[in-house]
Amino acid sequence: MSESTITFIGGGNMAQALVGGLLAAGHPGSAIRVADPSETQRQQVSEQFGVATFADNAEAVSGARAVVLAVKPQVMAPVLESIREPLAENAVVISVAAGITLDGLARGLGESTARVRAMPNTPALYRAGITGVVASRNCREEDRALATTILEAAGRVVWINEESQMDAVTAVSGSGPAYFFAFTEHLAEAGVHAGLPPAVALELARQTAIGAGVMLAESEHEPGELRRRVTSPGGTTEAALKSFAGSKMAAMIDQAVQAALRRGRELGGDH
């Protein structure tokens, strides 16, 4: 793996997931830096990962080939101001902050800076996430490749061509884990209504969700084909799926995604 210096601004959970994944993939700790205003956070990152930590953003980004902005959207403006001058000319800046657009990054860093906007989801904290990514027009192939390497430390990466699609990425995968958590929660509740003890119902629902996820990941078949393969004509599964259809489950899911999409566009208007 390349030994390009990578600086993380912000040492929270997402940054730590990426740092841990990079180290596990063989990226040298000597080429990773983390800047955070909290002394406690810096100490925790240093002890856990053995990487250099900084209180000063400018010092941390000096000479870095890639800078990952893992901060809250509301503090992005001062963060961009703090790194604009010391940022290397060939640096690519990768934002994992929700709702911060490529234009928003350009306003803080200048149009000439190579910029990447990324939308990871929470399974990235377990290196099982998926991240939707879009780049500014001036990003070179090597910039995109480096961004991919960094973000793949937390799971899979999907590049999109139009930034306008990022709100849809957020609605499907960014918010998506909560949809599956809610379904698992309600499945467990239904198990209780069917007569199971709560602990048993939850264990059954949880492991079924995990197992179905493994099948989706490992099987060569599309979800629809997997569904058909476990649905025997006239059986219990078919009866349940017919109930889903009668309740217009597909329409409910579409409405939920559209609601998330609308809200994402409303929030994105501020950035």
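The backbone N, Cα and C atoms fix where each Cβ goes, glycine too.
The following features are taken from TrEMBL:
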BINDING   I9, G10, G11, G12, N13, M14, A70, V71, K72, P73  NADP(+) binding site
BINDING   N57  NADPH binding site
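The Cβ of K72 (NADP(+) binding site) lies under 8 Å from the Cβ of A97, each of which sits 6+ residues away along the same chain.
Least packed by the Cβ count within 10 Å, out of the binding-site residues I9, A70, is A70. Every protein chain considered, the tally of other Cβ atoms within 10 Å of the Cβ of N13 (NADP(+) binding site) stands at 12. Between the alpha carbons (Cα) of N13 (NADP(+) binding site) and N57 (NADPH binding site) lies a span of roughly 18 Å. The DSSP secondary structure for N13 (NADP(+) binding site) is helix. Cβ neighbour count for G11 (NADP(+) binding site): 28 (other Cβ atoms within 10 Å of its Cβ, all protein chains included).
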